[in-house]
Every structure is written in C-alpha cells, then in structure tokens.
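Contents: one structure, followed by commentary.
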Amino acid sequence: MADQVNVMLYGLGAIGSFYAFILNQSNRVRLTVVARSNYEAVKNNGLHISSINHGDHVVRPAKVLKTPAEAGETYDYVVCVHKAIDQSSVPKQLAPVVGEKTCIVIIQNGVGNEDPFREAFPTSPILSCVTWVGAKQDQPGFVKHQASENTQIGIFPNKKLDAATEKSRLDEFASLLRAGGTPLDVEANIQVQRWEKVVWNCAWNSLTTLTMLDTHTWLKSSDDSMPMTRRLMREVIDVARKCSVPIQYNLIDTLIDRILGMPPIGSSMQIDCKMGRPMEVDVILGTPVRKGRELGVPVPTLEVLYTLLQAINVRLKANAA
Ligand SMILES: NC(=O)C1=CN([C@@H]2O[C@H](COP(=O)(O)OP(=O)(O)OC[C@H]3O[C@@H](n4cnc5c(N)ncnc54)[C@H](OP(=O)(O)O)[C@@H]3O)[C@@H](O)[C@H]2O)C=CC1
Ligand SMILES: CC(C)(CO)C(=O)C(=O)O
C-alpha cells in the first residue's frame, strides 16, 4: 500500500499497549511491537485492552518482537513508550531500526528525555509527547485504560532539519493518532507541557511514593503538607523559567485544584516502588535538580526528595538485578 506507515512501538507496558491499540486502529499503520516481560502472552494471545472510553479489544500487531534488532528493517516512526529508567542505553538498542527517514516519537513522563536520542541520531526528527492517559497492566498482555485520556504533541526542534520536514512528520503522526480516535493537542512549544507535567509528577509521584499515601491523604496529613507541596512545585517552575520555558506560577493553583477535583490517586512511581521495580527518578527529579544547580536556582525541597528517591532506587535496582 503506497501510503502505508511502518511503525515500531518500543516498550509494551500499560501506556505502550494503549498507544499500540490506538495506532493499530489506523488502516495505514503496519505495527511492530517490542515487548519484554509480556512477550509470550502478547505473541501467543494478542494484547487485550479494556478501556472505559474505547471498549474491549484484542490487538494483534503485524510483528511482536523481543528486540528491535530482530526486525531486520527500518521504520517510519519508532515510538518510545518504555519506562525512562536508563534512557541513555536505549538509542543503541534502536540503532538497527533507525534509518534516514525515521522519526523518533517519545511518549514518557519527565524532562530531558529527548537528549540521548538527539545525540545518537542527530539528523532524525523527534516528536515529543506528554500523555495524560491513565492505564495499568494487571497481568501480562492485559491492560486496563481508565477514563483519563489526552495527548499533547509537538516537535523537539532539530536545527539540522528544515521546519517543513519536521511539521510534515508532526502532521502525519498526529493524523495516525486521530485516526485511532484518541484526543490530542498539537502544541507550539511542547517543552511547556513537558515541564508542566513534570511539576505535577515531581509533586505527586515523589510524595505518594515516599509516603505510600494517596494524594489526598498526603495533603491532609498535617498543616505542613500543603505548603511543602506548593513550595516544591514552585521550585520546579523556577527552574523551568530559568530554562526559558515560560510557565506561570498560577500553575500551582491549577494543579492543586485539579488534584482535589479528582478522586485520590497514587502514581506510576508509587506502583513501581510497590512492585519492586526501578523508578523514573532521573527524568522526573534529576533533570530539574541538575538544571537548577547549573543555573543557580535554589531547589532545596526538590533536592531532598531527589536524594531520598535515589536511595530507594539503589535498593530497587539491586532487587531487580
Ligand atoms: N501508567 C500510567 O498511567 C502513566 C504512565 N506514564 C508514563 O508512560 C511511560 C510508560 O509507563 P507505563 O506504561 O506505565 O510503564 P509500565 O511499567 O507499564 O511499562 C514499561 C515498559 O517499559 C519497559 N521497560 C522498563 N524499563 C526499561 C528500560 N530501562 N529500558 C527499556 N524498556 C524498559 C517495560 O518492560 P518489562 O515488560 O520488562 O517491564 C515495559 O514494557 C513512563 O514514562 C510513565 O511515566 C505517563 C502517564 C500515566
Ligand atoms: C497517571 C498520572 C497522570 C498520575 O499522576 C501520571 O502521570 C503518573 O502516575 O505518572
């Protein structure tokens, strides 16, 4: 088919499975997935998605692989939806499937996630996404998508490419997501949304993990919890602004109102910790702390949480090894 689009999805966990389902809905997409712990389940029985918004489906990708290298071909899009635990080790895994025309798409929490990919593939376009999809994989190959669903997408600009090329990749990939029936916003400067989401994740992911409480129980736990949460959010916004990412301080009120308007939640980091899996400490807290230090922005609250979470991660990584 002339306009067929060859897509590889790397990281078939809860969120990866959701986007695998969405992309597979488009009749233009020929989908390859790279799975790890759920490889046998998905290869043998397909990927089972149960979604409040989309209903129940079994997805059968064209190819289910254990590693990108097995593909023996390059792709139009390589979509990274793995946990950003050891981000700089991933580009070399992907090298066999990245050709001249490959566009990398990143759908992960965190900031700075794009950098190792830009370094490894300097002439490739990169699209960067923030996801507000809530999903979990209860057993290998069985994913539940809760009602929460939105994707923000934009270009991670590459000076080596002309803007029209990058825009055409953005338009095409956005059209594939739309064909799959998921809501999305195309953003002019996606770093704004990435940093806004990281303000959220620095707060709720860290605090729910360190306390093992849900968000609302944490906020009611003492007179100090709300002011500390607000201080933490403010520090991350200070860093973002110093990085020339124009975020307003009223985001703090917006995020507090948003969480209080929702049922209490834990976080993906809290789940990782409970399951004994390494957590995304570096892209969520590490980058803001490093940028803060580099640019002379005081981040004392953030530094304490980062230090504690790094220590817990040492334990989790030792258990996982
Ligand atoms: N779950 C959610 O509701 C939300 C998650 N996110 C973000 O989406 C991204 C994906 O999260 P989610 O799907 O929940 O995660 P899951 O834990 O469900 O799945 C993660 C996937 O990445 C693989 N993986 C784990 N570590 C590595 C690594 N070091 N290198 C390569 N692959 C790895 C896992 O392999 P294996 O099969 O071996 O475990 C699995 O396939 C994360 O950035 C997360 O923060 C954002 C919003 C909401
Ligand atoms: C699902 C959501 C939005 C909750 O904070 C999230 O991003 C996470 O848990 O990492």
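Positions of Cβ are set from backbone N, Cα and C atoms, glycine also.
Now, the feature entries from TrEMBL:
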type: DOMAIN; residues: 9-157; note: domain 'Ketopantoate reductase N-terminal'
type: DOMAIN; residues: 189-312; note: domain 'Ketopantoate reductase C-terminal'
type: TRANSMEM; residues: 7-23; note: transmembrane segment
* **Segment confidence, the domain 'Ketopantoate reductase N-terminal' (9-157), expressed as mean pLDDT** => 97
* To do: Tally the residues of the domain 'Ketopantoate reductase N-terminal' (9-157) by DSSP class, grouping H, G and I as helix, E and B as strand, and everything else as coil.
  => 40 helix, 51 strand, 58 coil
* Which numbers of helix, strand and coil residues does DSSP report for the domain 'Ketopantoate reductase C-terminal' (189-312)? -> 90 helix, 0 strand, 34 coil
